[in-house]
């Protein structure tokens with residue numbers, strides 16, 4: 001052979017090798033029915049991966065076959081046992097392409113492999129199929145458009161599974177819902193048309209639901225939807241509202257139920273039991289078929305075995321009378337005893353016995369996979385029964401779109417599958433505010449569940465929150481007037497009481513020559529200003545957080561109300577309000593004592609006043625801190641912050657969470673169940689420790705306690721007898737009510753005694769000023785606590801049910817009243833400041849209103865002339881300005897002059 005002939009042969013060999021590499025890929029592409037996946041690589045994870053000895057051995061067997069195939073047949077082909085070479089795509093296609101059926105070997109076709117077949121040109125070196133190829137469970141690579149199209153292209157039916165546990169979605173060329181293999185969840189890829197398989201965020205955090213046995217990951221929308229999608233049934237049997245009670249309520253709890261854990265009693269036939277793992281295995285274990293009834297939407301309980309197709313000897317299992325023809329000869333829907341026989345059953349009589357199909361005039365062969373699939377086939381002339389009256393499907397309004405009908409499971413699923421969007425109109429769902437991508441709507445029970453199911457997060461900040469007066473989706477306090485008033489009251493309370501505190505401290509040295517009563521009043525005024533100043537601190541912190549959360553409060557509501565800051569603020573408000581009330585009561589008692597016992601009051605020991613102030617602070621601090629004690633959790637706690645798709649609210653009450661915790665131990669492998677104490681209540685903290693230890697990602701995040709009922713963090717003032725801890729709340733309200741009555745009666749007595757025991761005559765104007773002063777004291781106390789007490793009593797009696805709006809009014813308007821006004825009423829510091837500004841006021845008044853200026857001047861002169869010359873004890877105003885109050889003769893009996901209250 002010449003050199004030229006050798007070169008020519010070498011070139012031909014090279015061309016043949018290139019063609020053998022390219023043609024199989026192109027042939028597979030031409031066989032595709034359409035569709036495709038969009039892949040974006042992600043770091044592989046361990047979710048959904050099955051590690052067992054049989055799988056590893058099968059993986060190794062497939063790897064070992066690569067050498068023989070590559071050497072003998074070349075890449076992209078399969079070497080048969082008889083030595084023949086066939087295209088890789090022809091392996092496991094139910095046809096004897098090898099001649100010895102070695103291409104249909106059950107070890108290869110029905111086995112399970114995590115790696116793709118290495119003899120395929122579409123299989124990469126890392127054991128995965130190339131882009132736009134679907135990897136079957138047995139390792140075969142098929143084009144994306146061939147998956148979930150009602151034809152088994154894998155050979156193990158893994159591209160057509162619908163009624164087994166797993167993540168279900170539409171990912172093929174039709175509108176059928178199929179199970180997506182778990183391996184696809186380990187990559188940043190979008191396979192499902194509704195993106196239900198987007199289960200990890202950019203940081204690798206799981207966003208989908210993981211079954212408790214950790215075998216599967218499913219979409220959040222599959223939780224509590226009435227279909228078993230987990231092997232351990234945990235996606236349905238842990239739900240607060242169980243949609244499959246005839247299975248979940250019959251699950252064995254353990255030996256105490258005289259049964260085996262991991263089994264359940266069969267519906268109406270309780271004498272029969274089945275294993276949980278037998279549910280949705282396409283075999284009926286229970287007489288009533290309850291174990292196979294809830295495996296897909298619209299599934300029936302009866303299963304039949306279909307005859308094999310003319311091309312192979314395999315058999316299929318199909319649901320009978322569910323509206324979808326699965327058997328080649330339609331025997332699962334026609335002449336099967338269905339209540340209503342589908343219209344397409346008349347086509348059955350036209351089936352060719354050799355192909356189980358109808359040969360149309362244009363040569364197209366219509367098979368069962370083309371019937372009721374939502375699209376008109378290529379059959380001409382058109383057979384109308386092909387897509388008419390299809391059970392289990394939703395008919396689109398427009399018959400001229402891509403789909404005539406869709407699977408009823410896709411109706412109102414948040415994604416438009418009909419071209420005219422008719423499948424998403426009028427649905428009883430929450431519609432997302434803006435839809436750039438993602439779902440148009442989500443189930444209503446997904447609203448405010450702490451999972452952002454809408455792309456814009458509007459399901460966690462629904463617009464109807466703006467209709468609430470207490471807090472809206474954007475603001476902690478929705479009313480703009482109240483928000484502004486909060487800042488005003490906070491600043492006024494802090495400035496006013498700080499001024500009083502500074503003045504009392506500066507006047508401390510001058511009080512050394514004052515009477516015991518003067519020192520006592522000085523001490524109480526200082527403590528009162530300190531208590532009211534704490535209320536100002538509470539208000540300013542609350543106002544600051546309100547501004548911080550502005551525009552996004554709804555995303556922080558539960559975290560804020562169950563957090564330590566809110567609890568601390570609530571305790572601070574109780575300390576401030578209660579200490580102020582108690583110190584006012586001590587001051588009132590001291591005034592009443594000095595007026596009723598003027599001589600004995602001169603011998604009053606100052607330590608009793610200190611003791612009274614100390615008791616007031618101690619009682620207030622105790623009342624504030626006690627609700628935070630873990631020992632009272634079972635009395636105070638209303639619920640737990642427990643975000644989960646299992647519950648209809650993120651605030652889960654005790655009974656619901658206890659039931660969940662016991663069920664959690666049943667369905668979670670390798671953990672002990674929660675210990676229930678006979679005739680004893682399982683503590684909240686024990687439930688929290690149990691759940692957080694066994695399921696850190698599903699643990700309790702916080703508790704809704706005494707200060708968590710509202711966004712302003714004040715205590716539970718308005719309770720009913722049905723609420724836990726109502727005794728504690730009503731005791732505080734009742735004591736405050738009694739103290740108000742005491743203050744009111746005491747001042748009435750003071751007024752009466754002062755009129756009877758005056759030592760000097762005062763003018764009628766002076767008498768009127770005294771009356772107005774007492775009235776203001778009583779009215780301010782009335783305005784603060786009487787409305788709160790009355791609202792609490794009315795709400796407790798359930799005559800009227802108060803909304804949560806009452807709390808914001810209480811926190812922002814009622815409670816701060818005393819804190820702001822007490823510096824003006826119980827101290828003359830601001831009175832002196834007002835007097836120092838008299839020249840400026842007179843000058844301004846003389847310019848604009850001369851008559852008013854002259855009248856004010858006469859009033860001041862009259863007050864100066866009517867001042868007592870030798871008071872033993874005056875009001876707190878006189879005490880604070882002790883330079884005008886000197887005791888010239890302490891041995892003389894003295895009458896108490898109280899006209900400057």
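Numbering starts at 1 and runs along the chain as it is shown here.
Just so you know, glycine gets a Cβ as well, placed from its N, Cα and C.
TrEMBL labels come from automatic prediction, so no person has curated them.
Because the structure is a prediction, the values reported are computed rather than measured.
The stretch that TrEMBL tags with transmembrane segment, taken from the ranges 606-626, 627-647, 648-668, is 606-626.
Range with TrEMBL annotation transmembrane segment, chosen from 676-701, 702-727, 728-753, is 728-753.
Put simply, residue 427 (disulfide bond) is 39 Å from residue 129 (disulfide bond) when counted between their Cα atoms. The stretch in closest packing with the transmembrane segment (523-549), judged by the count of Cβ pairs under 8 Å and taken from 569-594, 606-626, 728-753, is 569-594. Across the fold, the C-alpha of residue 141 (disulfide bond) and the C-alpha of residue 427 (disulfide bond) stand 39 Å from each other. Proximity of the transmembrane segment (806-826) to the transmembrane segment (606-626) is not established, fewer than 3 Cβ-Cβ distances being under 8 Å for residue pairs spaced 6 or more apart. For residue 85 (disulfide bond), the spatially nearest entry among the disulfide-bonded residues 136, 154, 412, 427 is 154, judged by CA separation. Distance between Cα atoms for residue 154 (disulfide bond) and residue 98 (disulfide bond): 17 Å, as a whole number. Counting same-chain residues at least six beyond the ends of the transmembrane segment (569-594), those with a Cβ under 8 angstroms from any Cβ of the stretch are 517, 520-521, 524-525, 527-528, 531-532, 534-535, 537-538, 541-542, 600-601, 604, 609, 612-613, 615-617, 619-621, 623-625, 627-628, 706-707, 713-715, 732, 736, 739, 742-743, 746-747, 749-750, 781, 785, 811, 815, 818-819, 822, 826, 873, 876, 896, 898, 901. Distance between Cα atoms for residue 80 (disulfide bond) and residue 73 (disulfide bond): 9 Å, as a whole number. Residue 136 (disulfide bond) sits 21 Å from residue 98 (disulfide bond), taking the CA atoms of both as reference points. In sequence order, 411, 412, 441 make up the list of same-chain residues 6 or more apart from residue 427 (disulfide bond) whose Cβ falls under 8 Å from its Cβ.
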